[in-house]
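Participant: Please see the structure below; I have some questions.
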Amino acid sequence: MACIGHYCGKPVVALNGTTEIYGECGVCPRGQRANAAKICQTCTESPELYDWLYLGFMAMLPLILHWFFIEWYSGKKSSSALFQHATALFECSAAAIVTLLVSDPMGVLHIQSCRVEMLSDWYTMLYNPSPDYVTTLHCTQEAVYPLYTIVFIYYAFCLVLMMLLRPLLVKKIACGLGKSDRFKSIYAALYFFPILTLLQAVGGGLLYYAFPYIILVLSLVTLAVYMSASEIESFKDLLVRKKRLIVLFSHWLLHAYGIISISRVEKLERDLPLLALVPTPALFYLLTAKFTEPSRILSEGANGH
């Protein structure tokens, strides 16, 4: 009987000498995917650069949110923000390393994966065939193994490490905050981790194809908002505080990350020069900020210009 359905395959159930014996058509075991011959084949390929960039994006999300809420709730008088930032970086880095070590093959900082071919690979539950239009053949599987589930494992380790390390650190060094404020960044994480998990569960496939553009748009918007809120209108204003330079360079790294993700660096001589565009948004803002000063516009309007 022919195997029907794009994601249905016949798993190998036994080996008779050099002859493989296949089972009935159905869902392939985890870590396998049906090939063109409808035979379940083990995923042995290495992730492409774009796959690693996607995983890096999903790994950056909790770290960026950690840093944002730490900065938001620390206040100007607190001296603990730097230590909390470093702890958040350690938590996410350690979670990423542990996630790679427990993934197949275990014990090495390397993973084996199935190649992503199309958007439907992320939503196999929507493509269960009905050969007789009555009985549904359930072939739901992780066709993009392990790009879908590895993110959930990473978030779980991030949450566990945060609950083990951060409360002790905050209790010891967050002297500049009140008792009700010092744990708010941790409470915020307890909200955004379920949101990130739901986002990956529902929109993982969409994020896979859209994340380069999301990075570029959000990094441009947040940089413009930050420079406007901080009243940065010249290069001199940037040099007043080291924090402003750190924020600027962080956004430049995000710009570069987005450009590399879009180009995928398929041709070095064509794609690498695009990195020269990284400082352009900041330079454009600084050069045009004086022309968009609200007080200047109002004064010129009052003078009839």
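Think of each number as a place in line: the chain as shown, counted from 1.
In case you wondered, yes, glycine gets a Cβ from its N, Cα and C as well.
Found this in TrEMBL, in case it helps:
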type     : residues : note
TRANSMEM : 52-70    : transmembrane segment
TRANSMEM : 82-102   : transmembrane segment
TRANSMEM : 145-165  : transmembrane segment
TRANSMEM : 186-207  : transmembrane segment
TRANSMEM : 213-232  : transmembrane segment
TRANSMEM : 244-260  : transmembrane segment
TRANSMEM : 272-289  : transmembrane segment
Participant: Among 52-70, 82-102, 213-232, 244-260, which stretch has the highest count of C-beta pairs below 8 Å with the transmembrane segment (145-165)?
Facilitator: 82-102
Participant: Using a Cβ cut-off of under 8 Å, list the residues of the same chain at least 6 residues beyond the transmembrane segment (82-102) that approach it.
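Facilitator: Sequence-remote neighbours of the transmembrane segment (82-102) are 59, 62-63, 66-67, 70-71, 74, 108-111, 150, 153-154, 157-158, 161-162, 165-166, 169-170, 173-174, 185.
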Participant: Report, as numbers and ranges, every residue of the chain located at least six residues beyond the transmembrane segment (52-70) whose Cβ falls under 8 Å of a Cβ in that stretch; write 'none' if there are none.
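Facilitator: Contacts of the transmembrane segment (52-70) (Cβ under 8 Å, skipping residues fewer than 6 from its ends): 81, 84-85, 88-89, 91-92, 96, 147, 150-151, 154-155, 158, 162, 184-185, 188-189, 192-193, 196, 200, 207-208, 211-212, 215, 257, 260-261.
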Participant: Sort out the residues at least 6 away from either end of the transmembrane segment (244-260), same chain, that have Cβ-Cβ distances under 8 Å to it, and list them.
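Facilitator: Sequence-remote neighbours of the transmembrane segment (244-260) are 53, 56-57, 212-213, 215-216, 219-220, 222-223, 226, 230, 232, 237-238, 271, 274-275, 277-279, 281-282.
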